[in-house]
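Here is what Swiss-Prot records for this protein:
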- THR46: site 'Part of a proton relay during catalysis' (SITE)
- THR47, VAL205: pyruvate binding site (BINDING)
- TYR109: site 'Part of a proton relay during catalysis' (SITE)
- TYR135: active site, proton donor/acceptor (ACT_SITE)
- LYS163: active site, schiff-base intermediate with substrate (ACT_SITE)
Amino acid sequence: MKPIVGSIVALVTPMHEDGSVDYPSLRRLIDWHIAEGTDCIGVVGTTGESPTVAPEEHCEIIRVAVEHVAGRVPVMAGAGANSTREAIELSRYAKQVGADCTLQVVPYYNKPTQEGQYQHFRSIAEAVDIPVVLYNVPGRTVADMLPETVLRLAQVPGIVGLKEATGNIERACWLIKQAPKGFSIYSGDDPTAVALMLLGGHGNVSVTANVAPRAMHELCVAAMAGDAKRAAKIHLALLPLHKQLFCEPNPIPVKWALQRMGRCGGALRLPLTPLSAALQPVVEQSLRDAGLL
């Protein structure tokens, strides 16, 4: 696989009011992202409501995304689970339908040790011949993948990168410095992504890109080229948006924002509920400040 670099949208999963997946809107969002410069489409991750989509829906979303993208940009398929067997099954399907790589989150709830994490990810990489991007987000999973474990996994054939969503720039710097050639470090935290990329990171798996794909692409281009002045200008313009898209748990605010922009409906599946009325003006103002309304 050619290394994926740049703005990777952590795409929402559009839904109808009855909770069914809105595939026409998914296709329209993909077309919009590609037209706006998004470098890679990431589906069925946290922002894509992976915890509440059924296994058959999970697979169908990957299939539809790959089919509709049709090779225009890479597709990163969320295939993580807290069961190694389930993650392998999802990865096999992602490979079967032509995804470019899978995103594999640290197993959540069952709190594996560092050795358990190593064995989990190594088993996936050995079982399915599709590139694996690790995903460390201890704020959601509780278990934290330590840098030593990341570097150990970076030696496993087929494991090609890490989405580092702790927001810890010191940790990210050490990983960038010590990771082997060909192992990519991506930000998974919009507010600190510019710093990670200016320091040698390879891109950003972004929530903000859902509503500002062109700006996030341009931010990634500038930061990875070392153009700190331009990168800072774009970042500062988007800073209120980065903050307010997390005023309630993701993807609640970003789905409301997309609905407000007329891009897709804002329906969510329980236990997620619509954005609080008191916060709607705040999110709307951040969209206006970013020139998106």
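Cβ atoms are placed via backbone N, Cα and C, with glycine included.
Owing to the predicted nature of the structure, the values given are computational and were not obtained by experimental measurement.
Structure coloured by features recorded in Swiss-Prot.
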residue: THR46; record: site 'Part of a proton relay during catalysis'; Cβ within 10 Å: 23
residue: THR47; record: pyruvate binding site; Cβ within 10 Å: 24
residue: TYR109; record: site 'Part of a proton relay during catalysis'; Cβ within 10 Å: 8
residue: TYR135; record: active site, proton donor/acceptor; Cβ within 10 Å: 25
residue: LYS163; record: active site, schiff-base intermediate with substrate; Cβ within 10 Å: 26
residue: VAL205; record: pyruvate binding site; Cβ within 10 Å: 29
Candidates THR46, TYR109, LYS163 (recorded positions) with Cα within 10 Å of VAL205 (pyruvate binding site): LYS163
Three-state secondary structure, TYR109 (site 'Part of a proton relay during catalysis') (per DSSP): coil
Proximal residue to TYR109 (site 'Part of a proton relay during catalysis') among recorded positions THR47, TYR135, LYS163 (C-alpha distance): TYR135
Candidate recorded positions THR46, THR47, LYS163, pick with smallest Cα gap to the residue listed as 'active site, proton donor/acceptor': LYS163
The residue listed as 'active site, schiff-base intermediate with substrate' versus THR46 (site 'Part of a proton relay during catalysis') - Cα distance in angstrom: 12
LYS163 (active site, schiff-base intermediate with substrate) versus THR47 (pyruvate binding site) - Cα distance in angstrom: 14
